[in-house]
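Asks: Let me begin by handing over the structure; questions about it come next.
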Amino acid sequence: MQSTLKEMRNGHSVLDMDDVSAVGGGVEDAYGEDRATEDQLVTPWTVSVASGYTLLRDPHHNKGLAFTEKERDAHYLRGLLPPVVLSQELQERKLMHNLRQFKVPLQRYMAMMDLQERNERLFYKLLIDNVEELLPIVYTPTVGEACQKYGSIFRRPQGLYISLKEKGKILEVLKNWPEKSIQVIVVTDGERILGLGDLGCQGMGIPVGKLSLYTALGGVRPSACLPVTIDVGTNNEQLLKDEFYIGLRQKRATGQEYAELLHEFMSAVKQNYGEKVLVQFEDFANHNAFELLSKYRQTHLVFNDDIQGTASVVLAGLVAALKLVGGTLADHTFLFLGAGEAGTGIAELIALEISKKTKAPLEVTRKKIWLVDSKGLIVRSRKESLQHFKKPFAHEHEPAKGLLDAVRAIKPTVLIGTSGVGKTFTKDVVEAMASFNKKPLILALSNPTSQSECTAEEAYTWSEGRAIFASGSPFDPVEYNGKVFVPGQANNAYIFPGFGLGLIMSGAIRVHDDLLLAASEALAVQVTEENYEKGLIYPPFSNIRKISAHIAANVAAKAYELGLASRLPRPQDLVQFAESCMYSPIYRSYR
């Protein structure tokens, strides 16, 4: 290990530091997963040294037909494989060819999950090298359909299922997981999966998908990732009647019973994995999401992707868009359709960024931001009946019934959709935006594609090609009046993998709002002139690992500045350190 860590890259030590035990944020690299160990010979340990049939069935170490002649002799593989030896590149080409034969995205999803269970490194090699093509398969929109049908397509369990049956025994359940050095946990209770509602235990597709992106896009080792589903029942009648449903067949537990189970889980996580394990809350319903974040952010390293991740990626897009629309954030007026986790999370981060830049108090900067919920424009006269997270945005104004009335009254320069309801940015709404804005900024963020507030084609056509558009799920390029517009994707996958890596590699102990602003700033500066010329306010995903390294470095730098980092001494070159810590899917050579 020592000799590899001293390996020189571009004339510098790969870690730029003396403490060689801390590759990847202080957790031992048991499987030789980091980029810094690419050239190191490793031993394929499971409980003992894996060999023969066991080795071929271990996804950490299996290389399929890529085992060399020497390895086949050393590890008793003779006769268990056909005689040909293939390179990893050839395996990748074959698999991509096979995947493209599937016409149904869900079939591709199932093929990718099978590959992940069979040959982990090849799965990540495929995903990293073909990220723009495969991201919509392992993540939104296809993962939404996979969750809806999870019971029917279920083959092998992935992650940990913690239900009410395990109450009082959660620490024991965590100890059942084979990996002991966990750095990131993504947990859901399945109550609000994307824009699809309560999918109960079948929401496991979300933590599994998110963590595969932590590895592929952010370079966090697969062995350090743990997907968890908390099953407290479901209120989805269709699932309760489905013979293939894999979860508890009961109505959702609420109140004290729910709170006690979550508290036991959070305490057990800290007891089993320590202070620095990142817990990412994913797709909890509004009432629980805000409560859990505020309850545990002072005692645990927690992050809610729906509230904070979405906010950070949208803020980055808005900052980048200023080069196209002009002015500063403080010069713009923002109108949201949807006042739940995503909407209020984005609104609060925008207000915070304007406050930092202008030195104006938050109470003042929030007045630039207006929200519309199911009952119309949120105004002061409604304040008594509002949920607590909506109240800061209840400003003095006449009531407005629907979105169109609100657009005409407020005259926003930026329209943001987080409603989870499709087709709500109607022709009248987009035309109204275009009537008083030279370049209206329209973000239709709801997922999956079917729930998007409008399509890219509608936004460009109804605004006569003047809109700057981005969405939560991907849309194909649009040709309008002879010009090709490439819609951007305000995808949380830009932020959370790099953000998580930054927390891990700095040994951060808490998530501060300034770390989210640092992530946004790092993403915004990655947009090039070439991207702007196409109307893009986000960089292409093809460079995502480079982008993630810069986000991680910026987040880590801010953690050190705020005194939240526990990993000392601070590496001299944080970008280089981030890159050296990243998981590499290249096959290792076995002794």
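Cβ coordinates are placed from backbone N, Cα and C, and glycine is handled just like the others.
So TrEMBL lists these for the protein:
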ACT_SITE  Tyr139  active site, proton donor
ACT_SITE  Lys210  active site, proton acceptor
BINDING   Glu282, Asp283, Asp306  divalent metal cation binding site
DOMAIN    116-297  domain 'Malic enzyme N-terminal'
DOMAIN    307-560  domain 'Malic enzyme NAD-binding'
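Structural setting of the listed features?
Replies: Same-chain residues at least 6 positions away in sequence with a Cβ under 8 Å from that of Tyr139 (active site, proton donor) are, in sequence order, Gly209, Lys210, Leu213, Asn491, Ala493.
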Asks: Around the C-beta of Glu282 (divalent metal cation binding site), how many further C-beta atoms are within 10 angstroms, looking at every protein chain?
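Replies: Taking every protein chain into account, the count is 29.
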Asks: Around the C-beta of Asp283 (divalent metal cation binding site), how many further C-beta atoms are within 10 angstroms, looking at every protein chain?
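Replies: Neighbour count, Cβ to Cβ under the 10 Å cut-off: 26.
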Asks: Got a sec? Which of these recorded positions, Lys210, Asp306, has the most Cβ atoms within 10 Å?
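Replies: Top count of Cβ atoms within 10 Å goes to Lys210.
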Asks: Excluding Glu282, Asp283, Asp306, please set out which residues of the same chain place their CB within 8 Å of the center of the CB atoms of the divalent metal cation site, keeping sequence order.
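Replies: Everything else in range on the chain: Thr188, Arg192, Ile193, Ile206, Phe281, Phe284, Ala289, Asn304, Asp305, Glu341.
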